[in-house]
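Asker: Take a look at this one; I'll ask things after.
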């Protein structure tokens, strides 16, 4: 037999079958009394093993399902981390591009400012050099200076127009940077919205999964209740057939003596005197041959009780059939379900169900019960070994 941590329900039933064969050998050799006290204890132990094996299989299935969920969540986590890292890299590239463009613009501004200072210094030097010369030289220099100033004015105008163009380029670049910043903010908002949508879809998926599991559980409960009703119906039909058979036997026992009265009248004429006297002395009395298997065994009261019990069984059978039809209609209305579900314990599903299931049902099929006295009988070969159940 496998170890306890690997024991399954099939292994428990295999062990029960082997134990049942051993019980048959003991009953054939020593009689039923040798196992009458041991059998309930063995059945109790086998039921405990069956319960443990069922729980072990259920927990194993739940563990596999949880592992699948963990793997799926890990995959989603890795995917989200990859998306986040890719977005951060793109954002860093955009920021680096913006910094490079800003640095280039600052360099252009610095160069323009340096040119402006140089031109101002040259103009100041030209003005100071004209004061130390003579008047004539001053006039000449003034004329030259005027010419130079006129030429310098054109140069300043050209330089000013150049600075204006560069400032316009700088403004355009600044506007481009601001537009790129706005675009980055828009992308960030869109990413946050996508993440919120993903979380909403995930919560909706979880809710639908819970609803699906609840529907599957209800369908499973209805299916098991219907199966339980079918078993109860079969049991009631068997009991009803047994009662009807018993009723027919009782009717045969009651009708038998009345049918034999006409035959006795014909035999009166052929009897001798001693036989006639003995017949008259025994008139009004019931003579029973104990070796006759068809002798009457029941009174009218017992016959009435059996009839009443048969009627009650018929009523219960009709009620069970009606309830079974209701459950079948409810099962047809439910939507089809897919995938495994967690198994509910039998105590929760069937609180009013008798404990005569599983291992007990197995032994009940193997060793049948006869009569109301709870007599144990071999069910395999129909032998005559019987005994009282403890």
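In case you wondered, yes, glycine gets a Cβ from its N, Cα and C as well.
TrEMBL does not curate its annotations; it predicts them automatically.
What TrEMBL records for this protein is below:
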type: COILED; residues: 46-129; note: coiled coil
type: COILED; residues: 170-253; note: coiled coil
type: COILED; residues: 303-330; note: coiled coil
type: COMPBIAS; residues: 343-352; note: compositional bias 'Basic and acidic residues'
type: DOMAIN; residues: 1-83; note: domain 'RH1'
type: DOMAIN; residues: 295-361; note: domain 'RH2'
type: REGION; residues: 331-352; note: region 'Disordered'
Asker: Based on DSSP, tally up the residues of the domain 'RH1' (1-83) by helix, strand and coil.
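Answerer: Its residues fall into 73 helix, 0 strand, 10 coil.
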Asker: Please average pLDDT over the coiled coil (46-129) for the predicted structure.
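Answerer: Per the prediction, mean pLDDT sits at 86 for the coiled coil (46-129).
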